[in-house]
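Quick look at what TrEMBL lists:
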type	residues	note
TRANSMEM	12-30	transmembrane segment
TRANSMEM	42-66	transmembrane segment
TRANSMEM	87-115	transmembrane segment
TRANSMEM	135-158	transmembrane segment
TRANSMEM	170-190	transmembrane segment
TRANSMEM	221-240	transmembrane segment
TRANSMEM	252-274	transmembrane segment
TRANSMEM	308-331	transmembrane segment
TRANSMEM	352-370	transmembrane segment
TRANSMEM	382-401	transmembrane segment
TRANSMEM	421-444	transmembrane segment
Amino acid sequence: MASSDRGQFSSRFGFIMAAAGSAVGLGNVWGFPTQTASNGGAAFLLIYLLMMALLAFPMLVAELTIGRYGQSNPIGSLRKIWTNNRLLAVLFGTTAMLTASMILSFYAILAGWLIGFGVSPIMKLIGLQSLSEWLITFGTGRNVLLTVIFMLMTVFVVRRGVADGIEKWSSRLMPVLFALFLVLIIYIFTQHGAMDGLKMYLVPNWEHVNGGLVVNAMGQAFFSLSLGVGAMMVYGSYLSKDVNIPKTAGQVAIIDTGVAFFAGLLILPAMFVAKANGVQIFSETGELISSGNLVFTVLPSLFDSMGLVGEIVGVAFFALMVIAALTSSIAMLEVPVSCLQEEMKIKREKSAIILGLVILVFSVLIAANFDTLFDWVATASTMYMQPLLGVVWAIVIGWVWSRNALLKEIQQGYPEIEKTWFWRIWPIYVKVVCPIAIIMVFAYPFL
Ligand code: PFF
């Protein structure tokens, strides 16, 4: 397919909103605060920031550059660089595509719950008490229905294409998300108990730091920047050649980290406000009762205890979560859709619908066998596959691609790069330090 048929982001702002939309998701507004709350607060925050700056950001530049050079789906882009080993290009491109689909299959279930929690207070207000209860009660029927609704929303956006679908919706939804966040944070800080949460968030407790925590922080950073699975590669492929990749990647990473930080600023204080209102959040031994429950029990009971204002705040909070999830899920679906569209020459609309359906089947399977499958799929795809695929992309940048060709690609949007400290450090850093560091983080628990 000629690159002119592929679609392109129409502006740098649009790209930043789309890439930040992909990055900002449940990982930021749920995963990060939950991990922080269960791993000693500020200590986790600091290690996470280190992982972000030292590993995830350089890898984001790497993925965007591969995609922008290839101007194709991840399989096609890798094939253009791996000219002497097309088999490996196809193998790893396909693995990335499958991992993105795997992530979407469990992510859609979570996002479905969030829809349920957002709609439930509205149903209660209009008197549909039993529907309101059903929407927030764990059950296969509810899980499946809400997952289907969320997948339909995702397919609706992706089938419209890059500028008309992904960019338009990300540019609309992301500013709404920022505004909602701000309002909620201001509100929570007026509540009794919030300062205790702030203390836990910002004053480190080093007792919790161990090898496992570093692995978690790395996985969280990779997940948060949507790395490994080809999502940033495919977004990079829709980026015009005059864009400065390191600078744009920096902005995306800052927005993503900023939103995670603000989510912590909302959720940790909210936990303690809930505690001050009599909701149990810590066990006898001082551990968080259940990290998964944080968002689904602690917060709704907090909202409940606040009366009518709480209902409104609750709807706003879950609307925010659904928006964050949607701008991420469209990036996940875009990976296989772009592959099917360009590798198999199937039209975008059709690709989006077919793949949406196939992934939905897997989601339903996971929803129906929740206890056995959910954790496994989530852990395998995010904690292991994402960083390991990151190692492969680092090898592609550092060992497969020639340094000159790499320089030429980045120079297009950043002519003076050759003279910068970034260019002196980054190529060798991605070539040697990133793969070794990622593997060492994995190996650490076994040493
Ligand atoms: N970055 C998203 C989050 O933090 O929730 C998750 C994600 C999006 C992972 C897109 C992978 C992906 F391709």
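Each Cβ is built from the backbone N, Cα and C atoms, and glycine gets one as well.
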Chain residues in Cβ proximity to the transmembrane segment (42-66) (below 8 Å; excluding those fewer than six residues from its ends, i.e. six or more beyond): 19, 32, 35-36, 77-78, 81, 200-206, 208-209, 213-214, 216-218, 220-222, 224-225, 227, 230, 232-233, 235-236, 239, 245-246, 248-250, 252-253, 257, 260-261, 264, 390, 393-394, 396-397, 406, 409-410, 426, 429-430, 434, 437-438
The transmembrane segment (382-401) versus listed stretches 12-30, 87-115, 135-158, 308-331, 352-370: most Cβ pairs under 8 Å: 87-115
The transmembrane segment (170-190) versus listed stretches 87-115, 308-331, 421-444: most Cβ pairs under 8 Å: 308-331
Intrachain neighbours beyond the transmembrane segment (252-274), with Cβ under 8 angstroms and 6 or more residues off its ends: 16, 19-20, 23-24, 27-30, 32-34, 36-37, 41, 45, 48-49, 52, 56-57, 60, 177-178, 181, 184-185, 188-189, 191-198, 200-201, 224-225, 281, 294-295, 298-299, 301-302, 305, 324
When counting Cβ pairs under 8 Å to the transmembrane segment (308-331), the leader among 87-115, 135-158, 221-240: 87-115
Spatial neighbours of the transmembrane segment (221-240) far in sequence, C-beta under 8 Å, 6+ residues away: 6-9, 15, 18-19, 22-23, 25, 27-28, 31-32, 48, 51-52, 55-57, 59-60, 63-68, 70-74, 77, 93, 96-97, 99-100, 103, 162, 248, 252-253, 256-257, 260, 328, 331-332, 334-335, 338, 382, 385-390, 393
Best-contacting stretch, by C-beta pairs under 8 Å, relative to the transmembrane segment (352-370) and drawn from 12-30, 87-115, 135-158: 135-158
